[in-house]
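Everything below concerns the one structure shown next.
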Amino acid sequence: MADSSSTVPLLTRIEDEDTSPPLNFDKIFEQSLSGFGLSQFLQIILVGLALTFDSHQIFITVFTDAYPTWHCLDDSICNAATSDICEIPRSAWDWDGGFKGKSVISEFDLECSSSFLRGLPTATFYVGSIVGGVFMAAIPDGFLGRKQLLFFTTLAMSLTGISIFFSSSIWIYALLKFVIGFARSQTGTYAFNLISERVSTKWRPRATMIPFTLFVLGLMSLSGIAYLVRHASWRVLYLCTSVPAAIHSIFLYFFALESPRWLHLQGKNEEAIEVLKRISPANRGYLESISSRLPPKETLEQAPSSSIEDLFIRKWAFRRIVVVMIIMFGMGMMYYGVPLAVRDIKVNIYLSETLNAMVELPTFVITPILLEKFNRRSSVLVNCQVGGALGMLCFVLTHFGKTNIAFALELGSFFCARIGFNLMAVYMIEMFPTCVRNFATTMLRQALVVGGACCPIIASIGRNVPSLSFAVFGFTVSGLGLFALLLPETKGSSLCDTMEEQEQSDQALKNED
């Protein structure tokens, strides 16, 4: 073993332990995961697929709750181009294809119902996400673990999706959508934590882009699945997305690995080392040699305790969290609302959703460039104004019959919404210290979901005034984006652990200006 050149650096480090500082888990973690092998990649894919199925449930109502097309049966009293189906006898028209179960609206006879009732299932989904987010945020960090929480949330989401196949009324359907929203509320958070805590600092920026990509691919695959089952009942689409999600949750339970950092914090050092061995088989010898050298849990440096009250006691922290939530509310309306409102442009719904997903992919390359070249505050501000302007132009051009140009602008507004979310995610981490960062990030996601919860009703109103929803979304994100001027600039600043350190860092940045 001593003759192997590949292990000399590891042995050298082990021999030098007597003269080097005491071993700590961070050092072992970074050293053992300094590379990025196939095992790590497969683990990231396995966990990241949870976001693929999450995106299915977020956007599935674009297809299942769409307003179906219809045709006249009696031309003497009906004109498909000008008649309102709510003002002519039911016997004078019928749904295209003669199939009533193609959409939730047609099956439950909602074509003449209020905008509130037609948008109720999607709205309850977002309300469930809000309630679930608050509830899940209250779960202690040491409860169950990253893997177990991700397993239970994905399993509950998928089983509820399957049960929708048997819903018999709009009210039962809306209730089940609430349950799905509640179950998946923190799926993204659990998946991102699990992925980021199983890769080294060097590889974390690239590794965390994989679940983002899988989320987008989920939206693209949803369009394809919806197209393949377009002649079947809307319930079939829930089966086609929920059954694979249930199977995936089982794979998560048996094959996904727990976060070694979480295991270490729970005092389970041996289990943490075993996970590292499986993630990085090439460093098994090194891990076996130093596993007994880890200090006991009692001697570990205690992390700063969470102090959620500080967010409300300290004026600067409270102001930041409120401003961030206001901006993310507008972002949520744009990001979740545009795919719903695109139906009013009269373009192919399957093509439009696929293109919406495709324009997200370049954002994962562009966002790091913006973060490196430009200030955080100005990037968010300009992005909001451009995205809002594109949304309002889309409304104007639709009224002039420029459908193709309007659709291109719709893609642009959706692109800006995704860029904005990426920018704010990084901005948020830099504005709040470790002791309150988890809670602050939860508030960011909650504001995003609250904005999304308003979208179905606004998009439904758009059927009465075509594309009005685009103007509403655009005006909202532009106006609320101006609040970015109240946020501090954080480019070039290091991450802080306590509120006191954050205040000192902010003061240092002000002095530099």
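Any Cβ shown, glycine's included, is placed from N, Cα and C.
Automatic, uncurated: that is what TrEMBL annotation is.
Among the features that TrEMBL reports, domain 'Major facilitator superfamily (MFS) profile' is placed at 40-491. The annotation transmembrane segment is assigned in TrEMBL to 123-143, 149-176, 208-229, 235-256, 321-342, 354-371, 380-400, 406-430, 442-462, 468-487.
The transmembrane segment (380-400) is not in contact with the transmembrane segment (235-256), judged by fewer than 3 CB-CB distances under 8 Å for residue pairs 6 or more apart in sequence.
Counting Cβ pairs closer than 8 Å to the transmembrane segment (442-462), the top stretch among 149-176, 321-342, 354-371, 406-430 is 321-342. Contact check: the transmembrane segment (235-256) against the transmembrane segment (321-342) gives fewer than three Cβ pairs closer than 8 Å, residues 6 or more apart, which falls short of the contact criterion. When each of 149-176, 208-229, 321-342, 354-371, 468-487 is scored by its Cβ pairs under 8 Å to the transmembrane segment (406-430), the top-ranked stretch turns out to be 321-342. Here the transmembrane segment (354-371) does not lie next to the transmembrane segment (149-176) in space: the count of CB pairs under 8 Å, restricted to residues six or more apart, is fewer than 3.
Long-range Cβ contacts of the transmembrane segment (208-229) within its own chain (Cβ-Cβ under 8 Å, at least 6 residues beyond either end) map to 44-45, 47-56, 59-60, 63, 188, 191-192, 195-196, 236-237, 240-241, 350-351, 353-354, 356-358, 360-361, 364. Mean per-residue pLDDT, taken over the domain 'Major facilitator superfamily (MFS) profile' (40-491), amounts to 82.
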